[in-house]
Ligand code: FAD
């Protein structure tokens, strides 16, 4: 399957194309199409389960997909035991680490380590590293993964502790010759990989333990890391990541999904497979989604969401027109939480898009979903190129700029009490559901860094806590761009709140959903409530001369000319 790669540079043409499209030609179509698939009136307490299928429909969707993706031609030619260390790849379908472990052994031991470091605090500002909603989502992913592995004749060993402590001792106990896992790219994850490799080197296996009958001396288990998180395989890029261009169009092949045999068993004999913990057992207070989207974790739900969005609701064909929406489950794919946990493979999405194009239709929208996945790839690849500078205040370009860390002001942003309904609604949505639309993320990011002048890393770390789809590459990649410290000096990403509100929430449906006191106001005033709403904590840097915006901010600023987006 050869496709044109367009690695979309935040700097160059495609980004600007996007900008144009956002702001002008299809603005009205965006809203009218979006409203077709969004709730017509605002029920201020609705919960939308994503996907919206019942459990029977989901199981049958996943079973059918697995049937299509299983193969009985693969040959198993290894010896002994191999371990699969599950990380952010909580799936069976298109899991190359699992496949390689199966091929190279007589028994596969799947392991997930509940690493206490994931439940500590964020690097600079000490927020919880994993919020309760993402913890719940991951727990659901693990429960589903265990079920899926059991269906294939395996199981999932749940261990509490650091992978570098657990994996070497398991390798020793089971005489495993190899630990297979998916490769990560950011520093914390790389550090764990190095520690695991070091730990494994200290394990001595007897000559009989291994996958080769020729081994005559003691040896150590190996760590084999496999690339598998992106649409494009790292090895297939027509350039090295170090010289990753800002813009490129080239021929690149997307590898087909890995097809696994129906049975992967038996596993080695294990006395106690461990228990998937509850949120409380992870040291967090459990939270319930009582409003907005409630995402179900796991591969079954992920495959069902693809079926629901592409096939049942037939929304793929209008994606490009609806994708800038903010309310309800259907304006965009909502694949991101499953992509981030690895319960969904981007190559599977690619194959489903191609199937849809063949069986239904191909248009700009079907292409655009792949285009967005290439953005995701891009941030993953540039995380290799720029390393830790992604997480530093000055970003990849080492920009020197004055930021402040005013805790009180930051808290108004975090808690959704800024006096700007569009900001407050989005921030409340994030806290209540662990999700925010792409449009919302861009707007609240711009507000924090441009209007409030607050250190962008505070925002990025709060997103790290809350987002179900948190992924260091996409999160810090987008935040560095939003803060103007990404690798593109030309990008000025100021999002004007009045303009964004008028374009993307003209009837104030999103703000009234999340800030119900606005419901009683006429639609056109919900985003511009004046004295009917809390006082604005800061003036807008570039306000608006628009008739709606004559409110004074707490600090006496008056909105002036409308600029930018
Ligand atoms: P769709 O519009 O349906 O897009 C399909 C898929 O394409 C998404 O699931 C996602 O995997 C990918 N994608 C789309 N836009 C982007 C983008 N700008 N960058 C990277 N991938 C993209 N996305 C994350 O997955 N994790 C994050 O931690 C994250 N943090 C973000 C922080 C900020 C400040 C901003 C502006 C964006 C961030 N995004 C992040 C990107 C984007 O907002 C989400 O991927 C998207 O909103 C998810 O909704 P969806 O699956 O319905 O997306």
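Even glycines carry a Cβ here, placed using N, Cα and C.
Going by TrEMBL, these are the annotated features:
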| type | residues | note |
| --- | --- | --- |
| BINDING | 319, 332-336, 372-379, 469-471 | FAD binding site |
| COMPBIAS | 546-565 | compositional bias 'Basic residues' |
| DOMAIN | 80-213 | domain 'Photolyase/cryptochrome alpha/beta' |
| REGION | 544-565 | region 'Disordered' |
| SITE | 403 | site 'Electron transfer via tryptophanyl radical' |
| SITE | 456 | site 'Electron transfer via tryptophanyl radical' |
| SITE | 479 | site 'Electron transfer via tryptophanyl radical' |
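Ranked by Cα separation from residue 372 (FAD binding site), the recorded sites 403, 456, 479 are led by 479.
All chains included, 24 other C-beta atoms sit within 10 angstroms of the C-beta of residue 319 (FAD binding site). Note: the Cα of residue 319 (FAD binding site) and the Cα of residue 479 (site 'Electron transfer via tryptophanyl radical') are spaced 24 Å from each other. There are 22 other Cβ atoms within 10 Å of the Cβ belonging to residue 334 (FAD binding site). Here the C-alpha separation of residue 470 (FAD binding site) and residue 403 (site 'Electron transfer via tryptophanyl radical') works out to 24 Å.
In this structure, 334, 375, 479 are the recorded positions from 319, 334, 375, 378, 403, 479 whose C-beta falls under 6 Å of some atom of ligand 1. Nearest by CA distance to residue 334 (FAD binding site), out of the recorded sites 403, 456, 479, is 479. For residue 479 (site 'Electron transfer via tryptophanyl radical'), the nearest of the recorded positions by C-alpha distance turns out to be 456; the candidates were 375, 378, 403, 456. Remark: residue 403 (site 'Electron transfer via tryptophanyl radical') has 393, 449, 453, 454, 455, 456 as non-local neighbours, by Cβ distance under 8 Å and separation of at least 6 in sequence. In the structure shown, the C-beta of 479 has more C-beta neighbours within 10 angstroms than that of any other entry among the recorded positions 375, 470, 479.
Packing around residue 372 (FAD binding site) is summarised by its Cβ count: 18 other Cβ atoms lie within 10 angstroms of its Cβ, all protein chains included.
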